[in-house]
Amino acid sequence: MTRTNLITGFLGSGKTTSILHLLAHKDPNEKWAVLVNEFGEVGIDGALLADSGALLKEIPGGCMCCVNGLPMQVGLNTLLRQGKPDRLLIEPTGLGHPKQILDLLTAPVYEPWIDLRATLCILDPRLLLDEKSASNENFRDQLAAADIIVANKSDRTTPESEQALQRWWQQNGGDRQLIHSEHGKVDGHLLDLPRRNLAELPASAAHSHQHVVKKGLAALSLPEHQRWRRSLNSGQGYQACGWIFDADTVFDTIGILEWARLAPVERVKGVLRIPEGLVRINRQGDDLHIETQNVAPPDSRIELISSSEADWNALQSALLKLRLATTA
């Protein structure tokens, strides 16, 4: 059986960073797999996890539970039966509702395959002070479904956010665990703790299944001879706009960082080619984290998520102007 953990968390909480940390510190003799779902369609998390050494399946452009769970079932079955991993980490979109996923993982058909362990919810406590986030049904249900709450980004904690966290915990913590971390440094031993929270979760009223699964199990890619493309996705009060550029497109380093910093959106995530190699960009609100490597990525991908109308055409125009002379 494959030890399995659901790693939830709202937009920008640090799920992918936490998973990368767990993968970097796992037993080298074990085979791990990651099933990742993103709200947008360009597959940024897949690009970030590509060098982790884990088996990887992506379900971009929506939610794992659409169409009676078919996209997730296909990805799950592929990883379990072909990959036969020792451990499986499942990362749903930050706008995802955990009930359908947990229902599927505990279905009788998966009893011989899955040993479901603790569900971790990665939380940025500052979101408890943000009315839009704190009132979001999926945000609340992610916290309600967790066995362990990981209060991430301790280095960014304010007295107000810590007080909000303690108030929430007194009202909702129960006998669950509350762990503090920064930069996604989650102790891997937490993954082997058992499920404790068996409370029945409500179905999500906000999550209608009327949207169409357009891309199946493949992240957006470029057709041959096409230099770049854009993709839009929307749902649950948010919009995502992402771009993919071919391997020969190189961006101005300072320009792309300023573009990402100033974009009037809540979330920016990307892996792009620059003259020095590649840059990974991760922005949530005003928090901007960048990381560079002196290797070129196979392509460039960047995605923005906004809770309000954004002028994607204007943002795209500015982005295209940041391309340097290509290497082709």
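Just so it is clear, glycine is given a Cβ too, placed from its N, Cα and C backbone atoms.
Residues or ranges marked as GTP binding site in Swiss-Prot (evidence: similarity to another entry): Gly9, Phe10, Leu11, Gly12, Ser13, Gly14, Lys15, Thr16, Thr17, Asp155. In the three-state DSSP scheme, Ser13 (GTP binding site) is classed as coil. Counting Cβ atoms from all protein chains shown, Ser13 (GTP binding site) has 27 others lying within 10 Å of its own Cβ.
Remark: secondary structure over the domain 'CobW C-terminal' (241-321) totals 19 helix, 36 strand, 26 coil, with classes taken from DSSP. The feature domain 'CobW C-terminal' is assigned by Swiss-Prot to 241-321.
Under the heading motif 'CXCC motif', Swiss-Prot lists 63-66.
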Q | Chain-internal residues near Gly9 (GTP binding site), provided their CB is under 8 angstroms and they sit 6+ positions away | A | Lys15, Ser18, Gly94, Cys121, Ile122, Leu123, Gln142, Asn152
Q. For the GTP site made of Gly9, Phe10, Leu11, Gly12, Ser13, Gly14, Lys15, Thr16, Thr17, Asp155, how many Å separate the two farthest Cα atoms?
A. 18
